[in-house]
Amino acid sequence: MASSFAVCRCQVRGGGRLLRTSLKLHTSLHTSAGTNVVAAREERARKDVTDEKDGHKSLYALQAERQGQAERSVLISYHSRINEKKFLKYLSKHGDINKYYFYESYGIYAVVEFGSREGVASLLEEAAIPSVNHEAMVPFKSRLLSLRNLCSADSPNQQSGPQCQPQTTVPINQLIQTLSKEGSIDQQVTSLTEAYQLTEENSRLRFLVCSLLKDIAAAYFPECTVRPFGSSVNGFGKLGCDLDMILDLDGISGRKTKMPRSGLSLEYQLKRANSERSATQSILSVIGECVDQFGPGCVGVQKILNARCPLLRFAHQPSGFQCDLTANNRVAIKSTELLYLYGELDPRVRHLVFTVRCWARTHGITSSIPGAWISNFSLTVMVLFFLQRRSPPIIPTLDHLKDLAGPADKSVIEGNDCTFVSDFSKIQLESNTETLEQLLHEFFEFYATFPFSKMSINIRKGKEQNKPEVAPLHIQNPFEISLNVSKNVNATQLERFVALCQESSWLLQQSETSTPRGYKEGSTPTTWGLATLLLPSQVAGIKGRKKRRLEPASVRIKGLLESLKNNQNPPKKS
Ligand code: GTP
Ligand code: MG
């Protein structure tokens, strides 16, 4: 479930326009075994959305709403010279369009959401199988389509193609400049979150890719669903993050009927597997083959079946997403729900997580390549733990959330108690008024001095615990409590993290770096505050950490200030 797909260049144009037409629908809907299930789910979602507790939408409701939208959507490879109005007029012959937008990834794509699934069915009825000379095609029909312009003349008002908004994060240098223009560290943190978080369109596209994958898996399991989890939905996703998906077969568990009057009942005959793990491996292996051989747009399929959590990894080219598909991974769904809940409780949670994740990535503390680095998930848990340790705490402990749970929240997965409250209105927060600036500084201070050698980070208790094993960094897995989520982290990586926390904490205390420098429109802003913490020169600072330890503090500080000055006055181009 590693990070971003480097080649992804995804740009989106927000559509949001409601196109109403009065055209009749002549085509019947494709029916599948899942149709009623989907309708019921959408109905439930509509209810849940209106039943928002305390102004918070539940993750379940959000997901069901997005799934409904995705199932009414198609993804169309678009030609930049095709007239947009003509395109929409053509589509709206098939039904009302709720929303459409364009983005760029190996060409321009349009996501079109119809008002109903009939619109999609009607459009698909009209779509043709391409005829290609010298090549054979697998006639697997999906909602990924290509638009062909059969007329040669282009409309003169559409020479530049549809407008696409950037959908990847801004380059770090640009972000540093933007942040330096802000008037306070609090504003910098907020601005960073806004620049990095997933947009509405990117989030919809993630659900659409899940829905397209579901259509492939449905060839074997018509009642399955494919759901995103992890940062795509937990509220901490950054533009360009990977798409973690779960193939959910739980809905196929079969009806438990009461003793029928006839005294007879039927059961499906099923193949048996040695264990749940081997059943998951077989399912993913077959689906992987299908995605590889028949899945339009899916490339580089790898079956990673011997991992602790077996998965398929591939790139979905039309969206630019690096995808990981797992099955039978219910604990990860619970972790996603928990992170979402914490993020919803107080806006400072998301702001701090985004900032710390960005800071860590800039300095190579986290990486998209698997290795001995701290993962984004571990880092997020570290931020949550820190927020639980504030006085008064900003977020409650997991044990407290468990105490507040009602009977419907009860969840035990493979012997692990994953119960916690889902009703936001039951959670009483304490009145902590710390600013983002204070929290950021205190975060660095907290981990610069944390007794990692003896203690474990534990968000269930909200208190450090004695380390049960010798791993350099021990973060208790919130639900599988005997596991350490940061088992992979080696001593060197932990040392780098601690050193970076020390340096960052120190920098935030210096008036040269922690006060706004004033910015005049049109001039180059002077780097300050959070922007300073993201400067790449810090990496060099960390690399030279051992050497500097021997230097007196004054020498070290002088060196850091010197490096800051150099960064603020880049050499002029000759
Ligand atoms: P990015 O992909 O880096 O943006 O973050 P992510 O949160 O999506 O992380 P990742 O793709 O590595 O993992 C996806 C999800 O799997 C996480 O959000 C967690 O819910 C879960 N997960 C990942 N690693 C662990 C782990 O070590 N233990 C547990 N319990 N869950 C994990
Ligand atoms: Mg992920």
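Positions of Cβ are set from backbone N, Cα and C atoms, glycine also.
Record features, source TrEMBL:
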DOMAIN    58-127  domain 'RL'
DOMAIN    185-343  domain 'Poly(A) RNA polymerase mitochondrial-like central palm'
DOMAIN    436-481  domain 'PAP-associated'
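Here the domain 'RL' (58-127) returns a mean pLDDT of 93 for the predicted model. Residue counts of the domain 'PAP-associated' (436-481) by helix, strand and coil are 13 helix, 7 strand, 26 coil (DSSP-based). In the domain 'RL' (58-127), helix, strand and coil residues by DSSP number 32 helix, 21 strand, 17 coil.
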